[in-house]
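Heads up: the structure comes next, in structure tokens.
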Amino acid sequence: ELFSPSQKYQLLVYHADSLFHDKEYRNAVSKYTMALQQKKALSKTSKVRPSTGNAASTPQSQCLPSEIEVKYKMAECYTMLKQDKDAIAILDGIPSRQRTPKINMMLANLYKKAGQERSSVTSYKEVLRQCPLALDAILGLLSLSVKGAEVASMTINIIQSIPNLDWLSVWIKAYAFVHTGDNTRAINTICSLEKKSLLRDNVDLLGSLADLYFRAGDNKNSILKFEQAQMLDPYLIKGMDVYGYLLAREGRLEDVENLGCRLFNISDQHAEPWVVSGCHSFYSKRYSRALYLGAKAIQLNSNSVQALLLKGAALRNMGRVQEAIIHFREAIRLAPCRLDCYEGLIECYLASNSIREAMVMANNVYKTLGANAQTLTLLATVCLEDPVTQEKAKTLLDKALTQRPDYIKAVVKKAELLSREQKYEDGIALLRNALANQSDCVLHRILGDFLVAVNEYQEAMDQYSIALSLDPNDQKSLEGLQKMEKEESPTDATQEEDVDDMEGSGEEGDLEGSDSEAAQWADQEQWFGMQ
């Protein structure tokens, strides 16, 4: 009661700000609402009793927290509480002329999330009108299918008035290609930008380039660019979830574990560390833990595509296919140009024997994203499931391999087809050709299987060994190698008996000792892989 009405308003805002920073968002909203009511009463009082030239009242009124700022803070509270409709309602209540760029930016993002694309575009354009160099607003417009030329026209005046900004129009062009799914042209344009002295070793560009290589199925170059970005910025978090997933797929689980620990030391309030740890669990076949970590990542960032894919894959492998389908569909909504989202959904359809749905989805992807090696292979994968469409699958795979002879998924599916037809020699030639310029665990393992089929046992063992050196956790390669060793063991035993008869040596005991020692190491290696 000792305070004046304006001081009461100020104190309520300070109290609400404190609650906001303590993450007591509901309580903060309550105090912000009380503050706005106090401000309303204050405004009425000042209208009834206008200032009589009191100079002391002017600085105080200038120091009062802005009513618009209070509403923005309330909207932030609502977004933290996942009450997006309330956030939109509070910001919509601010007259258009009084909206600052950050209010328009928040509104644009909320509209986009709610599927109100037209309103989102209007808000992003308003941000660009006030701040022509707001790159996030540019990316927002491009993601909503606004033409690159139209977006560039909104920044042309600023580019011409400020020196050394000529790169911006190329940057907009590059990300326009990204959002239309034209990965090849996007990669070429970003590479041309990266060569310019101003943007050389730019971490953001390197991250985008790594992500594009990943989308194009070029995992080797993707890992290379992520490593380059990570070396330039050791505290980099953005994109590290994709990097962790790629390392896990290659069987580099120790590297994935180290990456996860490093990211948690930087921040545990981002989705990426949880996704990386989830990938480690998933590829260690601990699906329940992967599911929990994926859910935690989604809780921190509901727009994390990689978290949705991780949780979806864990649910699928746990037999909860219908729940997995929901997650893959949400991933597709967020990233309609990412093929791996569609692959996950199609795998779910195939797992539940819904071949018709899988075929419809694969055809839609083929038409939407165009006829490239990846979409051709995805369509062929579904065709392989139906005996009627085997020939179509063969034609599609041949087209894919003509476009990209090194595309691993296409090589694997073609090898699968040749195995069904028992054309092992053709399969061996295909795999040797694919392995000429790259080394991949799955290709080496399949080559081992084909060599066994044509009785080339020694070379088959070599191929299984190479596969295991690339991924020590690859169970199929281990089974293939153990099967070969069992088949060879009777011959080895006969040879050892002959040696004992001739020399009377104790070599057999030594060999047994080395086998048991190797088994211990194998057990230890398997145990570490499961951590």
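Any Cβ shown, glycine's included, is placed from N, Cα and C.
Just so you know, TrEMBL annotations never went through curation; they're auto-generated.
These features come from TrEMBL:
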type: COMPBIAS; residues: 479-489; note: compositional bias 'Basic and acidic residues'
type: COMPBIAS; residues: 494-515; note: compositional bias 'Acidic residues'
type: REGION; residues: 479-531; note: region 'Disordered'
type: REPEAT; residues: 305-338; note: repeat 'TPR'
type: REPEAT; residues: 441-474; note: repeat 'TPR'
So if I exclude everything within five residues of the ends of the repeat 'TPR' (441-474), which remaining residues of that chain have a CB under 8 angstroms from its CBs? That is, six or more out. 250-251, 253, 283-284, 408, 411-412, 415, 419, 422, 424-425, 427-428, 431-432, 434-435, 480-481, 484-485, 487-488, 525-526, 529
Grab the same-chain neighbours of the repeat 'TPR' (305-338) for me: Cβ-Cβ under 8 Å, and only residues 6 or more beyond its ends, written as numbers and ranges. 178-181, 215, 241-242, 245, 271-272, 274-275, 278-279, 282, 287-288, 290-291, 293-295, 297-298, 344-345, 347-349, 351-352, 368-369
The repeat 'TPR' (441-474) resolves under DSSP into 27 helix, 0 strand, 7 coil
Of the residues in the compositional bias 'Basic and acidic residues' (479-489), how many are helix, strand and coil by DSSP? 11 helix, 0 strand, 0 coil
